[in-house]
Amino acid sequence: MTGDAPQSAPQHRGSPAPAHVPVMLERVVELLAPALQQPGAIAVDGTLGLGGHAEALLRAHPGLRLVGVDRDTTALERARQRLAPYADRIDLVHAVYSDIPRILDELGIDRVHGLLFDLGVSSPQLDEAERGFAYSYDAPLDMRMDRTQERTAADIVNTYPASELTRIFRVYGEERFAARIAQAIVRQRAKEPVRTTGVLADLVRSAIPAAARRSGGHPAKRAFQALRIEVNSELSILERALPAALSRLAVAGRIVVLSYHSLEDRITKRVLTELSTDSTPPGLPVPLPDRQPELRLLTRGAELPTEQETAANPRAASARLRAAERTREP
């Protein structure tokens with residue numbers, strides 16, 4: 001993993017304020033189209049954000065019913081306003097996308113025909129200083145995607161032992177100076193709690209050797225990514241969410257996943273690859289029907305945005321797209 005893009009081009013689902021440019025929009029719509037053209041098609045956007053992808057899908061498929069899920073109540077309300085012309089065809093739900101099976105049960109939906117996951121942090125979360133996601137602002141150290149949850153980045157920074165902070169920075173941020181950063185935080189909080197993004201960014205910068213700060217973007221980018229992942233349990237939720245959502249995908253239904261760093265992409269690749277592989281034990285004379293692939297991969301590896309898109313929308317630069325189609329019942 002190369003880490004987050006610089007703050008001027010961070011990983012996430014949109015573009016600099018005030019515009020919102022959905023990442024790889026045309027490709028997402030193209031990949032999902034064959035599954036959504038049938039009468040009565042239902043799609044789930046598990047990371048609704050500001051609703052850019054959802055709007056394009058609803059416009060492209062006049063008979064489509066769309067379930068939009070987001071853990072951020074602010075984003076959900078903005079998406080509701082954006083999607084108001086399609087109000088009779090949408091169900092918007094405040095939830096984490098690992099809850100998709102429960103949500104579908106409550107809506108009386110058995111199978112869906114399209115699944116979309118656009119991972120990472122959204123434009124408003126990065127652009128609104130008070131959310132505490134960005135190291136370019138001095139703001140309360142928050143980083144909660146869902147502000148109804150209690151634990152913040154400040155809670156983690158000020159209460160986790162040095163060993164656990166080191167693990168988070170090393171595993172989630174792939175930060176080679178994880179231990180030095182953790183020790184700097186522990187020393188600082190012994191004097192005064194670390195409460196703001198500015199203080200944390202300065203601590204991280206001072207903990208990293210000067211030679212290592214000369215390249216690779218802002219020195220705090222990996223540490224901030226790691227804390228955000230820990231605050232929001234992003235990877236553990238993704239691990240649960242993909243198999244859970246795929247269990248409700250109809251035959252010939254399609255899934256598209258956009259990820260923005262290698263940890264997300266690694267999980268996505270593993271889940272889709274496992275379900276697209278024949279798991280018949282070696283040595284058997286014939287394949288076992290229940291061990292045949294459930295999915296067919298639609299992308300060769302991870303697809304990248306075009307140079308034209310990244311030039312117009314730098315925040316798309318780190319995007320990686322994978323897609324698959326269900327070929328049999330699970």
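Any Cβ shown, glycine's included, is placed from N, Cα and C.
A quick note: this is a predicted structure, and the numbers were derived from the prediction, not measured.
Around the Cβ of Gly51 (S-adenosyl-L-methionine binding site), the number of neighbouring Cβ atoms within 10 Å comes to 27. A coil conformation is recorded for Gly51 (S-adenosyl-L-methionine binding site) in the three-state DSSP classification, outside any helix or strand. Per Swiss-Prot, the feature S-adenosyl-L-methionine binding site maps to Gly51, Gly52, His53, Asp70, Asp118, Gln125.
According to Swiss-Prot, the feature region 'Disordered' maps to 276-330.
As annotated by Swiss-Prot, compositional bias 'Low complexity' applies to 311-321.
If you take the C-beta of Asp70 (S-adenosyl-L-methionine binding site) and look for same-chain residues 6 or more apart in sequence within under 8 angstroms, you find Thr47, Leu48, Gly49, Leu76, Ala79, Leu92, Val93, His94, Ala95. Each of the binding-site residues Gly52, His53, Asp118 was scored by other CB atoms within 10 A of its CB, and the lowest score goes to Gly52.
Residues of the region 'Disordered' (276-330) grouped by DSSP class, helix first, strand second and coil last, total 12 helix, 11 strand, 32 coil.
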